[in-house]
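For reference, Swiss-Prot has these:
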- 28-48: transmembrane segment (TRANSMEM)
- 72-94: transmembrane segment (TRANSMEM)
- HIS78, HIS173: heme b b562 binding site (BINDING)
- HIS92, HIS187: heme b b566 binding site (BINDING)
- 107-127: transmembrane segment (TRANSMEM)
- 169-189: transmembrane segment (TRANSMEM)
- HIS192: ubiquinone binding site (BINDING)
- 214-234: transmembrane segment (TRANSMEM)
- 274-294: transmembrane segment (TRANSMEM)
- 317-337: transmembrane segment (TRANSMEM)
- 340-360: transmembrane segment (TRANSMEM)
Amino acid sequence: MNYNSINLVKTHLINYPCPLNINFLWNYGFLLGIIFFIQILTGVFLASRYSPEISYAYYSIQHILRELWSGWCFRYMHATGASLVFFLTYLHILRGLNYSYLYLPLSWISGLIIFALFIVTAFIGYVLPWGQMSYWGATVITNLLSGIPSLVIWLCGGYTVSDPTIKRFFVLHFILPFVALCIVFIHIFFLHLHGSTNPLGYDTALKIPFYPNLLSLDVKGFNNILILFLIQSIFGVIPLSHPDNAIVVNTYVTPLQIVPEWYFLPFYAMLKTIPSKNAGLVIVIASLQLLFLLAEQRNLTTIIQFKMVFSAREYSVPIIWFMCSFYALLWIGCPLPQDIFILYGRLFIILFFSSGLFSLVQNKKTHYDYSSQANI
């Protein structure tokens, strides 16, 4: 057993063969793993002093911040880590879209399942501080599920956000990261089943071991992200936080604008630019499903050969518009829903889905041997 464990570490962490020409864009997975581990540690420490009851939830957060030794540090590190996880996740997906990672369907789908778990975990975690923005944000999102009354009752423990809601959200927020951690190991297994891609898109026999060559590249990226993480945790959390969330919940007063965290803004833009809440919810779910469909591009291209090339590095035009429309929706989700933003939001939603569906029928030139996952 001891020998098998050592052999597993040597195979997947030390002697794992990597392409010689990969660059810093391949650091995001390693950085995500480190930040996610920090999130779990800080979350466990915070959970030990948090009270999931509506009369004490807000005050338990204030107790952690003001009275517990270094409690403010753990609280701000946890808040900053959530933003950093999504920032690195978006970059990780962006790199996958650009460098043919979607041709590995099992790796791609397992990664998107982790992304979906991150979304659910972050949302229910945003409710736990029980400030004004947390309460009303939870009310708005749970009202979207009113088309399925039994689901609302099961999730909230009633027809409105109340004490059973925060208890259930706390339990889910504690459990889901460990579920995501299990899928992370599955994701790594599927990745190592074939091997890492590279910027050129050529499967080459010229490879080097992960240690010490590429580990030094990952450590360099970790040093940079650690500096950013600590500076933001210590100095930058308060100016970027919502002031309304520092106020005790008042169920009779609605904030001027209910705005989620920045990493939810693209999906929030889809919700607020569509007049029907059920249609908005369907569009949000469809936007995530579209990413899953990209894994089937490998199969669809055997039927339809439609290639659109942009620049010498062969980025496809649909994928570029797909990414640009996503970041445009991120910007549109922040301001008040005025007519001009609603118009642009709908236009970018159309562009988002049309470019994503267009990319399904393009044929990107690749020289990889995907036989390990070709018949899955």
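Using N, Cα and C of the backbone, Cβ positions are placed for all residues, glycine too.
Looking only at Cα atoms, HIS92 (heme b b566 binding site) sits nearest to HIS192 among the binding-site residues HIS78, HIS173, HIS192. Taking a C-beta cut-off of under 8 angstroms and a sequence separation of 6 or more, HIS187 (heme b b566 binding site) has the following same-chain neighbours: SER107, SER110, GLY111, ILE114. Of the recorded residues, HIS173 (heme b b562 binding site) and the residue listed as 'ubiquinone binding site' place their C-alpha atoms 29 Å from one another. If you look at the transmembrane segment (214-234), the same-chain residues 6 or more away from its ends with a CB under 8 A from one of its CBs are 18, 22, 24, 26-27, 30-31, 34-35, 73, 76-77, 79-81, 83-84, 88, 208. Counting every protein chain shown, the Cβ of HIS192 (ubiquinone binding site) has 14 other Cβ atoms within 10 Å. Between the CA atoms of HIS192 (ubiquinone binding site) and HIS78 (heme b b562 binding site) there is a gap of 30 Å, rounded to the nearest whole number. Counting residues 6+ beyond its ends, the transmembrane segment (340-360) has Cβ neighbours under 8 Å at 269-270, 272-274, 283, 286-287, 290-291, 293-294, 296-297, 300, 308, 316, 318-319, 321-322, 325-326, 328-329, 332 in the same chain. Beyond the transmembrane segment (72-94), the same-chain residues lying 6 or more positions past its ends with a Cβ under 8 Å from any Cβ of the stretch are 25, 28-29, 31-32, 35-36, 38-39, 42-43, 45-46, 61, 64-66, 111, 115, 118, 122, 125, 225, 228-229, 232-234, 236-237, 241, 261-263, 291, 323. All protein chains included, HIS173 (heme b b562 binding site) registers 22 other Cβ atoms within 10 Å of its own Cβ. Other C-beta atoms found within 10 angstroms of the C-beta of HIS92 (heme b b566 binding site) number 21, with every protein chain shown included. Non-local neighbourhood of HIS78 (heme b b562 binding site): GLN39, THR42, GLY43, LEU46, each in the same chain, at least six residues away, with C-beta under 8 Å from its C-beta.
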